[in-house]
Amino acid sequence: MDDGGIQEEPPSARFLTPTRSGGSRWVDGSEVDSSESAGWSLGDERSAGTTSGDGGAAASSGAPASRVSSGTFRRRLGKKPRRVDSLDVEAMNVRGAHGHSSKELSMLSTIAMAFQTLGVVYGDMGTSPLYVFSDVFSKVPIKSEVEILGALSLVMYTIALVPFAKYVFIVLKANDNGEGGTFALYSLICRYAKVSLLPNQQRVDEDISSFRLKLPTPELERAMFVKDCLEKKPLFKNTLLFLVLMGTSMVIGDGILTPSMSVMSAVSGLQGQVPGFDTDAVVIVSIIVLVLLFSVQRFGTGKVGFMFAPILGLWFINLGSIGIYNIVKYDMSVVRAFNPMYIYLFFKTNGLKAWSSLGGCVLCITGAEAMFADLGHFSVKSIQVAFTAVVFPCLLIAYMGQAAFLMKNPLAVERIFYDSVPGVLFWPVFVIATLAAMIASQAMISATFSCIKQAMALGCFPRIKIIHTSKKIMGQIYIPVMNWFLMVMCIIIVATFRSTNDIANAYGIAEVGVMMVSTVLVTLVMLLIWQTNLVLVLCFPILFGAVEFVYLTAVLSKIQEGGWLPLAFSSLFLCIMYTWNYGSVLKYQSEMRGKISLDFILDLGATLGTVRVPGIGLVYNELVQGIPSIFGQLLVTLPAMHSTIVFVCIKYVPVPYVPLEERFLFRRVGQKDYHMFRCVARYGYKDVRKEDHGFFEQLLVESLEKFLRREAQELALEANTMEAERDDISVVSEVPQSPACEGDLQTPLLSDQRSGDDNGVGTRDGSAPVLPSSSMSAEEDPALEYELEALREAIASGFTYLLAHGDVRARKESFFTKKFIINYFYAFLRRNCRAGTATLKVPHSNIMRVGMTYMV
């Protein structure tokens, strides 16, 4: 959410009407599941004019384009809609763009962004020529040209198949409204199937514009079968979540090894060039470079990208130029490697050694997952343009040049990159290579930040501080804790392993694991969302999954040689994320069981059994339905209660961004004289929540005032409808319906008005006003004026944040494993993560906490 430039505009609302099945229906025809309807309602038919529905739901409904009969018209308007507890009315519309625009970028902007991707996305893959062939031929000795051409062909087709064919043309299209990564795929799947373990989904969330659900197709039956399997089988839900968490933890593990490997590979070039530059010197210089690298992260991805992109651009030019020089000078016949037959000959000649060398070959595609994980920082087209036009051809030429050099100098394999550089260019190339190695780490660092942010928003990671570094691109973030953690781990790895060959043994395992997870998730997206032809769906996992599985078997053979390290890091973060999600789900279920019944509140009366004093009490809770148990504890603990109570729920929905005008949902709780409301503030997993408490309070009271005005308008319309029903049926049926009336029945009664004031009457396509003449201002409605005046007095008295200081404990009858996870591990994470109010910067003097213990 941007800090400035926010302008208000008149609200738009959608209203519920009953259906014959007993459910409810929006005016545009979409149904609300009857299971969402509350089992109680406020008031009776006689008090319909003084109580509100779900946010004052009016008894109006959408009609088809053809004329409806008067009987149907009377039935649909006369029956009072049932209460729906899903907060069906948007409270406010604010003009302004949320951070992520869906507009197409111009060609110039795309090229500029493609240039930035060189410094952020492709650094890891771009520096792979530093160490790929040296690692491959450490397992397979060069005996003839078959080994050289076979290894070159293997590298070329690996790059063409995985990053180029899989990611550029398929996986990048599986983005979630411009966001990439395993959690983005999980969010996309959650929108089409209720697979999230946290039961806070609401039907009204599907009306967010960024949901963009696709319409049914002939393949719908198969998609519905997949959807039912995912929703009805808890095993499938848990397996899907486990895959997502495992993929995310592997990205983080890869982000620890990438800086160590890249920087040490570049610095080690001095060992054969500078006398006395031994292993200790390599380690010291590498640590200094790593400290500098992580120190500049706080400036943000955009600034780092513009600063690093020219260096990486020069690096790729060097790769291409040196490659062409070596091909022309040493052996142009290396173009024979385009024939995949040499891969067969490579394996036939070397057998098990060739399979072991795949662990070195996979290093040529490390960083490929960053193309998808870093998608939120850029755009699909910019990443595609950069890879196709610059990265892919330069890498192929670089590897071909090294192979041509090895044809004449097979003994130079240990320092193949620096030995293949012309002597006069060594120092310039070394400087650029060192800078490029620093930048290579940027891809996985940025990907790690993105994954942590998405995991936090979807309830799978403890709350930590996130800094948004760009006002234009909201996906660009910086996480201080993770940045310094990665730096410390990288320093420890460099100081411990002290050799690129040892680090290379650990490198690549996490990358292949993430690739396999993305293959499974994209296959599921093809079945459930894209509804692709079944033959094409099967081809994707068979082709890419088989290749990745072969590479996985090769890299797993290195576990004893150092491959355990990324698995250890990945396992640590997997435990943290799964434990946090497990504990959060159990806590939410405990709160659902402890909800306070509305009958109890109604029995207390408008005073709530205590003294009501001026002020607004914001009761923060996680429930989207019902009255939280903390409210009962507050009534027992506090000697007085605020004159206006708002139950505030901060909720993340499975979309990247929620437009500001679609963020708030409001509903009245109890009678009007109770002055109690429920508000759900919806955020996407990429939305910015950096507003201070004053800004949030301003938005909330403005939305509440708009809600009250809208409620009065709806009740006035309902009263007019009831008055019209008392007229003679024959007279009513003879009155011809005007186009405006027909439009009212099929259009939201409060349509989106891009200009005008709050009480203005909008028009549609030059027709009659959408709102009826009975819509009244506060001055014309004494009840509305009284409630608005009471709200202003409460605002003048200030806001108080009423929070629960919760302790989560496992029940006594629980198994030992559950007690250990909840009482110790999950409790430790809760004690050491950020408080929920820290993001709103609420002064401590405005906070009241009540101790709560949740038995799960």
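Placement of Cβ uses the backbone N, Cα and C atoms for every residue, glycine included.
In TrEMBL, annotation is done automatically, which means it is predicted and not curated.
According to TrEMBL, the compositional bias 'Low complexity' annotation covers 57-71.
Marked as compositional bias 'Basic residues' by TrEMBL: 73-82.
Annotated domain 'K+ potassium transporter integral membrane' per TrEMBL: 114-601, in sequence order.
The domain 'K+ potassium transporter C-terminal' annotation in TrEMBL covers 614-854.
Taken from TrEMBL, the feature region 'Disordered' applies to 1-82 (among others).
According to TrEMBL, the region 'Disordered' annotation covers 737-778 (among others).
When Cβ-Cβ distances below 8 Å are used as the criterion, the transmembrane segment (105-123) is approached by residues 262, 301-302, 304-313, 316, 367, 370-371, 374, 377-379, 381-383, 385-387, 389-391, 436, 439-443, 446 of the same chain, each at least six residues removed from its ends. Summarising the annotation, TrEMBL assigns transmembrane segment to 105-123 (among others).
If you look up TrEMBL, you'll see 148-169 (among others) marked as transmembrane segment.
Outside the transmembrane segment (240-261), and at least 6 residues removed from its termini, the chain residues within Cβ reach (under 8 Å) are 124, 131, 181-183, 185-186, 189, 195, 197, 230, 286, 290, 293-294, 366-367, 369, 373, 440-441, 443-445, 447-448, 451-452, 454-455, 460, 486, 489-490, 493-494, 497, 500, 503-504, 506-507, 510-511, 513-514, 517-518, 520-521, 524, 565-567, 569-574, 577-578, 581. Per TrEMBL, transmembrane segment is recorded for 240-261 (among others).
Within the same chain, residues 259-260, 263-264, 267-268, 270-271, 307, 434, 437-438, 441-442, 445, 467, 469, 478, 480, 483-484, 486-487, 490-491, 494-495, 498 sit at least 6 positions outside the transmembrane segment (281-299) and bring their C-beta atoms closer than 8 Å to a C-beta of that stretch. Here TrEMBL flags 281-299 (among others) as transmembrane segment.
As annotated by TrEMBL, transmembrane segment applies to 306-328 (among others).
The list of residues near the transmembrane segment (354-373) in space but at least 6 beyond its ends in sequence, with Cβ under 8 angstroms from a Cβ of it, reads 121-125, 128, 131-140, 150-151, 154-155, 158-159, 162-163, 167-168, 171-172, 175, 180-182, 251, 254, 258, 346-347, 383, 387, 395, 399, 440, 443-444, 446-447, 450-451, 504-505, 507-508, 511-512, 514-515, 518, 550-551, 553-555, 557-558. What TrEMBL lists as transmembrane segment is 354-373 (among others).
Annotation comment: TrEMBL describes 385-405 (among others) as transmembrane segment.
As annotated by TrEMBL, transmembrane segment applies to 425-452 (among others).
With a threshold of 8 Å between CB atoms, the same-chain residues lying at least 6 positions outside the transmembrane segment (473-497) that come near it are 98-100, 179, 255-257, 259-260, 263-264, 283, 286-287, 290-291, 294, 297-298, 300-302, 376-377, 445, 448-450, 452-453, 464-467, 503, 506, 562, 565, 569, 657, 686-688. Among the features that TrEMBL reports, transmembrane segment is placed at 473-497 (among others).
The feature transmembrane segment is assigned by TrEMBL to 503-527 (among others).
Ranked by the number of CB pairs under 8 Å to the transmembrane segment (562-580), the listed stretches 148-169, 306-328, 385-405, 503-527, 534-556 are led by 503-527. Remark: the transmembrane segment (148-169) makes no contact with the transmembrane segment (425-452), by the rule of 3 or more CB pairs under 8 A. At the 8 Å Cβ threshold, with sequence separation of at least 6, the transmembrane segment (425-452) lacks contact with the transmembrane segment (534-556), having fewer than 3 such pairs. Here the transmembrane segment (385-405) has long-range neighbours at 110-111, 114-115, 117-118, 121-122, 125-126, 128-129, 132-133, 148-149, 151-152, 155-156, 159-160, 163-164, 168, 313, 316-317, 319-320, 322-327, 329-332, 334-335, 337, 364, 371, 412, 416-417, 419-420, meaning same-chain residues at least 6 beyond its ends whose C-beta is under 8 angstroms from one of its own.
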